[in-house]
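First the structure, in the form of structure tokens, and then the observations on it.
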């Protein structure tokens, strides 16, 4: 109701009074809240004038006409009752509206005066009078009274009323508009200040003096709500109040900041628009002022460009500087720096002239002695020749006289010239110089720059026979005290100080010189046209130029006033110091301080700054005249040159000389781009570009690596191409200083061919702009082409090639020609060009059958280099072809993506564009032979075998195992092609790694081959193999990559009416003998399976093994088949081609016979796991044996062993001494001591940062009350075992900050001083990985926190003492500890108990049983690692509530709140995590490894090819005796500790694929032979090469809301020393790898089955613990699975027969495993060995197998 009435009775008017106050305040630099009395009067005047112009309403009986002259009845406020504040007494609404006042505007509606609401208010006594409100109380801001047009006066106008009596406090007006809020805040703050509450209000320069009380907060809230109605508040104020309606202080602080910011910006713009400079202040001060304003505006988001800034500056120039814009009018691209350079030059010249003026001054006594003694101050003859202006010369001379009489301090240029001209000069009657000036009566001693002189120019005088100049700066070969007498036209003598040469450097690089005389006693610098004529230079006043007799223009002439001038910029400055041309008195100079001395004393500041400081007395004791400035100009301080060295500036257009000096193709720029990651091996990772300087013609070549021979091949190719195609020889090649260009091989090649290499300077990439810009342009085009076409990323270089062809054909805006035209080539025929990625149909000239479709869908890439064809990508064949046999696909909807490309590609336009080219082909078409191969050789694209073991189906469709009919034939009509078949995949399949992307020269394609064999060119032959497949399901022509890689399973839905045997062609793996298997019905299949008996013989090795998972069904373990399938679903298992199933009998469930005499598998024996696993071929595939690891170590053996087998016995010299040496090896120290970081640190900057960190740590220790500061103890009084040594350690963190930590020496702490039973717990890595995985699947927010000085929050129970820090200087004293100092044995446990108690009691958390440092409640999960916390929750507000509670007790910093929906990067416990909520998570350590590995001093990048696997099968560690010296042994063991320590850290964090190699080498840390070290180097090299790899997780999309926990187990029997087995396990949660383990079995197993049982039994306990943790954190059902590739192990687990257990140990192990499986509801399933990713944990694998097993989950 009140707000409605207010809106009815309070119309909003924007009065002029408030506007005037605002405009006045923004022009000042004072506090925006400071309203002075001077402003009050001015604002009152403006307000009165504004109000007098407003219309008034008729007067009312209730309210006077003008409330400024008559006050309404004051409010009667009763005495306080029942509390500190009075009771409210308000008029009702009807009473208020009778008088016409708004509801909140009437004084009697005020509950009590504001000063009475203040907590400082004291109730009045019986005789006290209540204060009366002023007559304008309660009126609206900028709103007139209902009866009057007068607006409410501003706060400044009422200041006198406020201060007139201490008992009167003027209330603020009522806010009526959001736009007036900031002005209202000013008045409101003044109201609070007058209410004695100013000390609780923050200002722009300081914080509040004290905290407010509850009563004061109530007062603020009440008055704010009373005078600022909510409907008139700005939105940002409402946002603050919506969070906390009592947070008035935040509103006031933000308002003050807004006012301060707005005021500063307006002041800066106003200052810039009103600049004024006339040379009265130093030029550097003016430059600093303007530069600061421009920088401040730019930082505030108001950039001022060069043109506008120069206009502001030039508009503010006056005096002699007003001619500067005229002198700069020819400069088009003028910058602020150039303009200030001219101002500085003019200022220095002006100061020099003033100093010279004071050097020649007559004394009155001299004038009395000789009335004819005077100096020449008249004008040149050219002035007097104008008869119309006879009096100008006299007036100008008078003005010059006024300037010259001003005394100025000497300057650095000509202060010593005074020595020869201080005495009066007597005129002589010689006529050596005739200047043609008329006689005047002036008695001026010296003339400064005249008002009509053009600064920085020479006056051209045709009547002068000699050239005169006032400054000695341009005189060359000067000689002092010349015997020359010079007079002017009035026969007056002109004193000459020196004679020399004036050297010119004109526009055409012409240099010439004339004689010049130096004198400071002339009005202008005169340039004699007679002397110019002597050197063949004349002045043409019609063209206003200086020119030679042949018409060559040398310099422009400027006409200013009545005279002609030429600029001094063509004068060459002299290298001779000024004193050499002056008569310097030795006694005078020796009394002055030399400038180099002052320069060094004043911190190597520049001369200009020093002089300015002396002139303004900021440096005292001596004056500016006490310094010898003669050497200031030419002085070069060597220390300044070294310490202040900067890069050179690149001048725009500096490369023009190269374009003018070289012919086309003689000067090339080159650069290399790359590498591009996550591409197949066959795709190029780099490209090298070349650009011709003159024509801008470009070439690009693909590169797979940056080796010397690869670069040399490209250089050889392009040089031969240029020589043969353009008949040109390359003379210079510009390149950067990369190792690929600076190597000796390339250097010799260039030297042999007479080519000059031009390298850029170190760290100067801008000098290589041509090549760098080209690479950037090509990459932009590449990304655009791939995005537009939807082609996979491995075709990126095709996009580069296409862009290069087009860019060479486009005209340059600068040269108006294309690069091809500059090179003399014809323009690009656009009719031969297709859009990149254009769908086409390519003719298949040699199909596999006559009824097979002849058209293959493809995508056009770019014209061929080697033929008249086009390069086309065929997704179905995984390769590119060079062909002319293609037809453009017309269907626009058959584009690569789902986007509408109608606006991008128009088929009608494309047909019209290519019509002529197609007709040309049709008219010249010849009969093609049947054996014509569409695959031609071309040098940068080729086949892409995404699935090397699958055949290339020209239909881009694989036959599904469930299809019942052969594929239907396709017609040749392109319009009938299935649109889904021409859609290219967006990403390359992860299995594409061993293929070749360059097309092969020749491939045989003979049909009906009974086997798939690898050809020399890397292709695969196609064959037809019948497959047992159901016939009931219909075949579809749509296929995808997913359908090709699906696991084959037996279908339970075979049709009963289909009993015919049908041979279905199917591809098979390479090297497999395939047979034609008749297709049968389901019943026949079951009969065959039942009646077949198990056998283990050689015949079984010829059949194919199961590539899919074979679940083992039992009533206890796997009651339903869908449960088994769900366990396998979504696991990152490798994709294998489908194979025929293996028939199994019921007897499979029986326990197989165990051969106790089975041979060691490492020596060639066959284990139990091979009993039912068929061997693909007796010969091992060549691809299985291929490896890229080139053994460069001469100690590596090549014996045929399966593993890196350690020796059976490690022999050393002095075994006991060696063990002692290991114990004495100190751990790696990554920190610095106090003396290293501060005392003896020579790096000053680093030392200062460490000192700052030191003081910060000390302050933190004192703040936390770490020790008792009240009492210091004597060392002799304290038990020594209770004294803990302490020290400061310093280190530099990964983020670049310097850290100091005061720690205790816990390593020497006495056992009696701590409880050994206490534990310092941290979160387990598996718990962290589990929490991260659940966060991804549940769309959780992840918040990372850090608690500063966490240990210091925990109290210490024991009585311990430490020595004080070094800065206290009390070495003999001790202080008692009160807090848990870092380094103490009990500090970690104390902190854990402290934070655990706080989280449980104050935050409502509970710790998960069995998992320390994992806390949870119904909404939030917390993982604690010492002082780091990671919070997980569905709702971010839940995390914020926990943070607020933590901040109440601890200094908590939010490292990453995790509120963004985009990708967020974390650094959690060493893991670099990239997380996009609801999509993916990537875990890696690239930055950390990039920083740490180079510090290990490992020889990275050894000779040989890049490693593709961490180890090589067939290598083992030699058993040779280790003979080492003791010191050498210590050093090598220390090195092994560092290397294996880092590798273990990385492996157990996320690189689980390396754990086998890490575990094997870790067993040899005490056996550091050369072979072991070399193998360790190879492992570190592989980690370095793959440091960018990441553990990839994607959000799971389960069919049912359940969690799936799976462990995959494997064992390698007897492959470790003493026939121990290696076991490995990988744990997966919802398809994401969360952990792995590889270790040597603790017991010796006697068979592979026993080893597998041991591996499984080791994995079950952790599997159960993880299951409990998952159920605690996520209340969903959980499915637990156990996968193994040992069928015999599965049969033992599910069998009830114990008779065949051969020993007690084996039986008890198996029985326990049975109980665990049944009791924990584990689903045990079989997984084929080829798909068992845990295989990488137990043995070294070939490269192909290693990649196949790991590329799905780490890449």
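Any Cβ shown, glycine's included, is placed from N, Cα and C.
Residues or ranges marked as compositional bias 'Polar residues' by Swiss-Prot: 20-31 (among others).
As annotated by Swiss-Prot, compositional bias 'Polar residues' applies to 46-55 (among others).
Among the features that Swiss-Prot reports, compositional bias 'Polar residues' is placed at 137-168 (among others).
Per Swiss-Prot, the feature compositional bias 'Basic and acidic residues' maps to 363-372 (among others).
Here Swiss-Prot flags 373-411 (among others) as compositional bias 'Polar residues'.
DSSP assigns residue 461 (active site, for protease activity) to a strand segment in the three-state reduction. The feature active site, for protease activity is assigned by Swiss-Prot to 461, with sequence analysis given as support.
The average pLDDT computed over the domain 'Integrase catalytic' (660-835) stands at 88. For 660-835, the entry in Swiss-Prot reads domain 'Integrase catalytic', with the evidence type sequence analysis.
Here the Cβ of residue 736 (Mg(2+) 1 binding site) has 20 other Cβ atoms within 10 Å, regardless of which shown protein chain they belong to. For 671, 736, the entry in Swiss-Prot reads Mg(2+) 1 binding site.
As annotated by Swiss-Prot, compositional bias 'Polar residues' applies to 1005-1017 (among others).
Residues or ranges marked as compositional bias 'Polar residues' in Swiss-Prot: 1031-1043 (among others).
Annotation source Swiss-Prot lists compositional bias 'Basic and acidic residues' at 1044-1053 (among others).
If you look up Swiss-Prot, you'll see 1054-1082 (among others) marked as compositional bias 'Polar residues'.
Marked as compositional bias 'Polar residues' by Swiss-Prot: 1095-1106 (among others).
According to Swiss-Prot, the domain 'Reverse transcriptase Ty1/copia-type' annotation covers 1338-1476.
Within 10 Å of the C-beta of residue 1346 (Mg(2+) 2 binding site) there are 14 other C-beta atoms, taking all protein chains into account. Annotation comment: Swiss-Prot describes 1346, 1427, 1428 as Mg(2+) 2 binding site.
Annotated domain 'RNase H Ty1/copia-type' per Swiss-Prot: 1610-1752, in sequence order.
The Cβ neighbour count for residue 461 (active site, for protease activity), using a 10 Å radius and every protein chain shown, is 25. Looking at residue 736 (Mg(2+) 1 binding site) and residue 1346 (Mg(2+) 2 binding site), their Cα atoms lie 44 Å from each other. Residue pair residue 1685 (Mg(2+) 3 binding site) / residue 671 (Mg(2+) 1 binding site) shows a Cα separation of 51 Å. Counting every protein chain shown, the Cβ of residue 1428 (Mg(2+) 2 binding site) has 18 other Cβ atoms within 10 Å.
The residues near the Mg(2+) 2 site, meaning same-chain residues not in 1346, 1427, 1428 whose C-beta sits within 8 angstroms of the mean position of the site's C-beta atoms, are 1345, 1347, 1350, 1425, 1426, 1429, 1455, in sequence order. Counting every protein chain shown, 22 other Cβ atoms lie within 10 Å of the Cβ of residue 1685 (Mg(2+) 3 binding site). Each residue of the domain 'Reverse transcriptase Ty1/copia-type' (1338-1476) gets a DSSP state, and the totals for helix, strand and coil are 34 helix, 49 strand, 56 coil. By the criterion of other Cβ atoms within 10 Å of the residue's own Cβ, the least surrounded of the binding-site residues 671, 1427, 1652 is 1427.
Residues of the domain 'RNase H Ty1/copia-type' (1610-1752) grouped by DSSP class, helix first, strand second and coil last, total 69 helix, 38 strand, 36 coil. Looking only at Cα atoms, residue 1428 (Mg(2+) 2 binding site) sits nearest to 1610 among the recorded positions 461, 671, 1610, 1652.
There are 29 other Cβ atoms within 10 Å of the Cβ belonging to residue 1610 (Mg(2+) 3 binding site). Here the candidates are the recorded positions 461, 1346, 1427, 1610, 1652. The one whose C-alpha lies nearest to that of residue 671 (Mg(2+) 1 binding site) is 1346.
Straight-line distance linking the Cα atoms of residue 1610 (Mg(2+) 3 binding site) and residue 1427 (Mg(2+) 2 binding site), rounded to a whole number, equals 38 Å. Residue 1652 (Mg(2+) 3 binding site) sits 44 Å from residue 1346 (Mg(2+) 2 binding site), taking the CA atoms of both as reference points. Taking only the Cα positions, the spacing between residue 1427 (Mg(2+) 2 binding site) and residue 461 (active site, for protease activity) is 84 angstrom. According to its DSSP assignment, residue 736 (Mg(2+) 1 binding site) is coil.
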